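Engineer: So Swiss-Prot says this about it:
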{"type": "TRANSMEM", "residues": "14-34", "note": "transmembrane segment"}
{"type": "TRANSMEM", "residues": "59-79", "note": "transmembrane segment"}
{"type": "TRANSMEM", "residues": "95-115", "note": "transmembrane segment"}
{"type": "TRANSMEM", "residues": "124-144", "note": "transmembrane segment"}
{"type": "TRANSMEM", "residues": "154-174", "note": "transmembrane segment"}
{"type": "TRANSMEM", "residues": "177-197", "note": "transmembrane segment"}
{"type": "TRANSMEM", "residues": "213-233", "note": "transmembrane segment"}
{"type": "TRANSMEM", "residues": "261-281", "note": "transmembrane segment"}
{"type": "TRANSMEM", "residues": "292-312", "note": "transmembrane segment"}
{"type": "TRANSMEM", "residues": "331-351", "note": "transmembrane segment"}
{"type": "TRANSMEM", "residues": "363-383", "note": "transmembrane segment"}
Amino acid sequence: MEKAIRNFLSQESAGGILLMAAVILAMIMANSPLSGLYQGFLHTEMQVRVGSLDIDKTLIHWINDGLMALFFMLIGLEVKRELLEGALSSREQASLPTFAAIGGMIFPAAIYLIFNYADPITQVGWAIPAATDIAFALGIMALLGSRVPVALKVFLLALAIIDDLGVVVIIAMFYSTDLSAISLVVAALAIVILVGLNRKGVTALAPYGVVGLILWIAVLKSGVHATLAGVIIAFCIPLRAKDGSSPSEHLEHSLHPWSTFVILPIFAFANAGVDLSGMSLGDLLSPVPVGIALGLLLGKPLGVLLFSFVAVKLKLAALPEGMGWRHIAPVAVMCGIGFTMSMFISSLAFIGDGEAYGDLARLGILTGSIMSAVIGYFWLSKVLPEKGEKS
């Protein structure tokens, strides 16, 4: 189990560094003579037509609706494994990261709404600073190498997984519009078939893939965000077969490098390019970017620390063995690294009348995430022992 966790963390850490490179490249492209090429490429129309089925979207929408469905499938597989056998499988293990994640979602949303309470168009972005980018956070932590105890990495991992689950619920409840009854019925039938496959003990992944594709198309057409199909498929794939093998873990291990080194960097490159040329100081200090940046930089650590402190004082949770508040505090700051997850919610929140706020939102995400990464890194570096020393 420990080896699996170490492998997971090493992949996520390397992926976080690659994500940083993708964000930097996107910013360079968006603010150079290549800007037109960058935007034109992302808005290239791509159509798939099979009989009466017609899916016509720009490349950036294929990335956000299609590739990210695979990423959310991986999240679903991770959540299922951790709930049944991993770091969230017992109340003692799950309590602290659960309370921390809840606080870390409430406080950033509240701070954002304080700055945007008067504008109903920008209010819809309240969930943007509530997310944590697990790959980026672990990537920053990886820069400190073996000085970081595995227990601290597992705490951040568990917190981020619960945070991701919260994001899934938020997307389902608040960012689904113009629902199609027929598509929802087809999606429901697909879910029934997936559950039936699970109950019948079907461990071959191909049937889940075929029905899962139907589910993804139905959800895409229904008005509910298509990425949720990935989570549903993941929850239906068996964790254990009768012979002791794990179809779920096999798929998770197969998806992980693709998600870490292909899907998320492509998503970051497609969504992080903010054109700064037309922005004024007033734009930079407007409610949307300020609310997001402060939500990530202040709201995240305040929520994580306050809810964790109260839970420990009420004996509802306990600190990880060998860890103190001086270790938890900089990790709480690192939870303010929103990046890809925050950008994903931003792409759902600011559409239609609010589309003009998209660049401002991404600017706030980049500002808050970078500041959280820098402060969290140096703070954690200061409290951790040097190599060869004991904490």
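Note: Cβ is positioned from N, Cα and C throughout, glycine not excepted.
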Engineer: Counting a contact as 3 or more Cβ pairs under 8 Å, with residues at least 6 apart in sequence, do the transmembrane segment (331-351) and the transmembrane segment (177-197) touch?
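Structural biologist: Answer no, regions not in contact.
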Engineer: Do any residues of this chain, six or more beyond the ends of the transmembrane segment (213-233), have a C-beta under 8 angstroms from a C-beta of it, and if so which?
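Structural biologist: For the transmembrane segment (213-233), the sequence-distant neighbours (Cβ-Cβ under 8 Å, at least 6 residues beyond its ends) are 53, 55, 65-66, 68-76, 79, 168, 171-172, 175-180, 183-184, 186-187, 190-191, 194, 344, 348.
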Engineer: Should anything in the same chain at least six residues away from the transmembrane segment (261-281) have a Cβ under 8 Å from its Cβ atoms, list it; otherwise answer none.
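Structural biologist: Apart from its flanks, the transmembrane segment (261-281) reaches 14-15, 18-19, 21-23, 25-27, 29-31, 35, 38-39, 42, 59-60, 63-64, 67-68, 70-71, 135, 339-340, 343-344, 346-347, 359-360, 362-363, 366.
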Engineer: Please determine whether the transmembrane segment (14-34) and the transmembrane segment (124-144) are in contact (criterion: at least three Cβ-Cβ distances under 8 Å, sequence separation 6 or more).
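Structural biologist: Contact confirmed: at least 3 Cβ pairs fall under 8 Å.
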Engineer: Taking residues 6+ outside the transmembrane segment (154-174), which of them lie with a CB under 8 Å of any CB in it?
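Structural biologist: Tertiary neighbours of the transmembrane segment (154-174) are 5, 8-9, 12, 72, 75-76, 78-79, 82, 87-88, 93-94, 96-98, 100-102, 104-105, 124, 127, 130-134, 137-138, 141, 224-225, 227-228, 231, 304, 320, 323, 328, 331, 334-335, 341, 345, 348.
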Engineer: With CB pairs under 8 Å as the measure, which of the listed stretches 124-144, 292-312, 363-383 comes out on top against the transmembrane segment (95-115)?
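Structural biologist: Going through each listed stretch, the top one turns out to be 292-312.
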Engineer: Could you check whether the transmembrane segment (363-383) and the transmembrane segment (124-144) come into contact, where contact means at least 3 Cβ pairs under 8 Å with the two residues of each pair 6 or more apart in sequence?
Structural biologist: yes
Engineer: Should anything in the same chain at least six residues away from the transmembrane segment (292-312) have a Cβ under 8 Å from its Cβ atoms, list it; otherwise answer none.
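Structural biologist: Hits for the transmembrane segment (292-312): 95-96, 99-112, 115, 125, 128-130, 132, 159, 318-319, 325, 328-329, 331-333, 335-338, 342, 361, 364-365, 367-369, 371-372, 375.
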